[in-house]
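Enquirer: Input: one structure, supplied below.
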Ligand code: DX5
Ligand code: ZN
């Protein structure tokens with residue numbers, strides 16, 4: 001699979017959201033939209049009205065990351081608003097399979113997010129019901145945090161299971177993804193990469209995306225799909 005690069009508009013200029021999204025057209029695969037409700041996470045960002053308006057400003061598919069309580073109640077509306085993928089948090093949902101089915105019925109891909117302190121093991125059985133699994137590589141809630149390489153073990157676990165069962169699921173990483181971290185995430189088995197600061201904090205966001213894509217593509221499949229560990233297994 002080719003890498004998916006998903007710039008996070010959390011790091012963009014919120015007063016010019018339409019322009020910021022259009023600035024990565026032709027370069028980004030998805031636009032990552034971080035919805036935070038000030039309850040599931042302390043931060044507060046944007047919600048359905050903004051996503052609905054922004055949907056009209058671009059043709060890039062939206063990857064909506066819901067950091068909210070009660071996603072069973074709120075998530076399907078994002079699918080109806082035209083989101084390509086809607087990801088909700090495992091920690092906020094007591095029936096992920098039911099919600100994934102509802103999201104698919106509403107026309108979106110269904111994603112499950114695993115936060116920093118949540119083990120992935122209990123969720124491996126659910127992979128067949130999901131289109132994406134988002135492994136946080138920080139604690140969800142704020143952009144600009146330092147990447148935590150110790151969380152890549154979860155990416156390896158998901159990759160192993162997905163390969164064994166021949167699942168087409170996208171394995172996405174989010175948090176601190178940049179030129180100096182994306183290769184290790186790709187090696188662990190990730191194939192979709194969220195990048196906020198590394199794209200919108202760059203002088204040239206399009207160039208930043210191209211660089212991230214090249215780095216990820218150079219490492220994807222290098223070790224993850226065989227379960228081997230790290231670059232030494234390459235030769
Ligand atoms: C944080 C969000 C991330 C955030 C990543 O909870 O889920 O998507 O935008 O920002 P960076 O890439 O700056 O770590
Ligand atoms: Zn996110």
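Each Cβ is built from the backbone N, Cα and C atoms, and glycine gets one as well.
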Enquirer: Which of 65, 89 shares the divalent metal cation site with 32, 34, 174 per TrEMBL?
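Expert: Answer per TrEMBL: 65.
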Enquirer: Anything from the binding-site residues 141, 143, 176 with its Cβ under 6 A from ligand 2? List those in sequence order.
Expert: none
Enquirer: Are there any residues in the same chain, six or more apart in sequence, whose C-beta is under 8 angstroms from the C-beta of residue 8 (substrate binding site), and if so which?
Expert: 32, 33, 34, 143, 174, 194, 195, 196, 199, 200
Enquirer: Report the residues of the chain - excluding 8, 65, 141, 142, 143, 144, 174, 175, 176 - with C-beta within 8 Å of the mean position of the site's C-beta atoms, for the recorded substrate site, in sequence order.
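Expert: Nearby residues not in the site list: 10, 34, 138, 140, 145, 194, 196.
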Enquirer: Helix, strand or coil for residue 143 (substrate binding site)? Use DSSP.
Expert: coil
